[in-house]
Amino acid sequence: QVPDAGTQHGGRVLEPSEPALRRLAHHLLAHYQKGTRPVRDWRTTTNVALDLMVYAILSVDEKNQVLTTYIWYRQHWTDEFLKWDPAHFDNLTEISLPVESIWVPDILINEFVDVGKSPHIPYVYVSHHGEVQNLKPIQVMTACSLDIYNFPFDVQNCSLTFTSWLHHIRDINLSLWRQPELVKFDRSVFMNQGEWELLYVLSRFREFSVKSSDSYAEMKFYVVIRRRPLFYTVSLLLPSIFLMVMDIVGFYLPPHSGERVSFKITLLLGYSVFLIIVSDTLPATAVGTPLIGIYFVVCMALLVISLTETILIVRLVHKQDLQPHVPEWVKHLLLEKATILLCIRDRKKFSQTKPTPYVCEDPRECGAAGGTRSALAFAGRAEGSAALQEVLRETTAIRQLLEKREEFRDVAREWLQVGYVLDILLFRVYLAAVLAYSITLGTLWSVWRDA
């Protein structure tokens, strides 16, 4: 019964002119017991309806596996001791009451790892039917199993599990405030300008028990977010791709010059500096390595292989006086078979040629050679004059030296041909490996981005 104006109520005299809000608050809380569940029959289950809206993704800590979000959280339940007749209180149908003065369900988030900086909301809304609405924003720091293998095209699925820490399902049951479809695609309050994009929020109810004890109710929300990869594509992938393209272009430098080796060493040093700069940008975990980290390591290995191939080719085509002849099997494989396989147009210059007889480059050499034959005849007639024999020995030594030099030129020319063919062969193998690797990674990242 609602006391009439001017009568005593709980030792307090209610004045006729007292506002309806004060009279109603005193009427509801004068004998309220917040220490017990608000039901008249203890067999009655208190049903708590939950709702969640994601406002912002504050941070994703891959190393510590922690997700920090800012959510709008709503609870709704019926308190049988907070009902009244609006006609007795100036048709007042809703009132806000201090949250410390009434019973509140002990619903927590299982994945909580730290208390965030959430604003304190001191009031709840109560309707005349006893329906209590507890609306509050929460900064949630929760544990989440983050999979960074697909970085920067990764999609993360983190759960927020709401459950009563103490009460069984026969005391407190959980349900969803809105329809699951409305919760799933609700981005009305989401701040959509950060690194992460909210895809959807799934909801699922589950009843579970611990060690064959009484059952508990839990409501689980799956927050699915996707990273925006544009920043990482521009700052990580494109510079690496440009350096690899320059490495491929470096194969068009002449192999017999030392500029190619210097160019590739410079690229390798530049890529090393690039990896040092971007190492802080890559996410680090103790569980696994993102694919982009493997991509950088493989690119570094390809640069090392390219430099090794260049050093090998320069070593082959470099002229040395003590170079041996090219083995016949090498000539057969590279100068005959490989030229056909590689579709080299000018194959004639790589074909084997028979050594041509020595032709004097200097008229004085030919004169010396002719003088040698005359000297032989004259020496025969003069019965081995000592002076002419000395001239004969010197002239013969000069001729042998010139023939030896021409032989060294032929050997160097053969190795130069082998080096050019081998350089083309290794370049195309290297190019095929780079293209296959790039196509594989591009396909994987495209599938992950569009998933």
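Backbone N, Cα and C define each Cβ position, glycine as well.
Quick look at what TrEMBL lists:
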| type | residues | note |
| --- | --- | --- |
| DOMAIN | 22-229 | domain 'Neurotransmitter-gated ion-channel ligand-binding' |
| DOMAIN | 236-440 | domain 'Neurotransmitter-gated ion-channel transmembrane' |
| TRANSMEM | 230-253 | transmembrane segment |
| TRANSMEM | 265-286 | transmembrane segment |
| TRANSMEM | 292-314 | transmembrane segment |
| TRANSMEM | 425-448 | transmembrane segment |
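Listed by sequence, the residues of this chain that lie at least six past the ends of the transmembrane segment (292-314) yet keep a Cβ under 8 A from its Cβ atoms are 151-152, 232, 236-237, 240, 243-244, 247, 250-251, 255-256, 258, 260-261, 264-265, 267-268, 271-272, 275, 278, 282, 419, 422-423, 426-427, 430, 433-434, 437, 441. Within its own chain, the transmembrane segment (230-253) is flanked in space by residues 151-152, 195, 259-260, 263-264, 267, 270-271, 274, 278, 281-282, 292, 295-296, 299, 302-303, 306, 310, 423, 427, 430-431, 434, which lie at least six positions past its ends and keep a Cβ under 8 Å from the stretch.
Through the fold, the transmembrane segment (265-286) approaches residues 62-63, 65, 146, 148, 151, 232, 235-236, 239-240, 243, 246-247, 250, 292-293, 296, 299-300, 303-304, 307 of its own chain, all at least 6 residues removed from its boundaries and within a Cβ separation under 8 Å.
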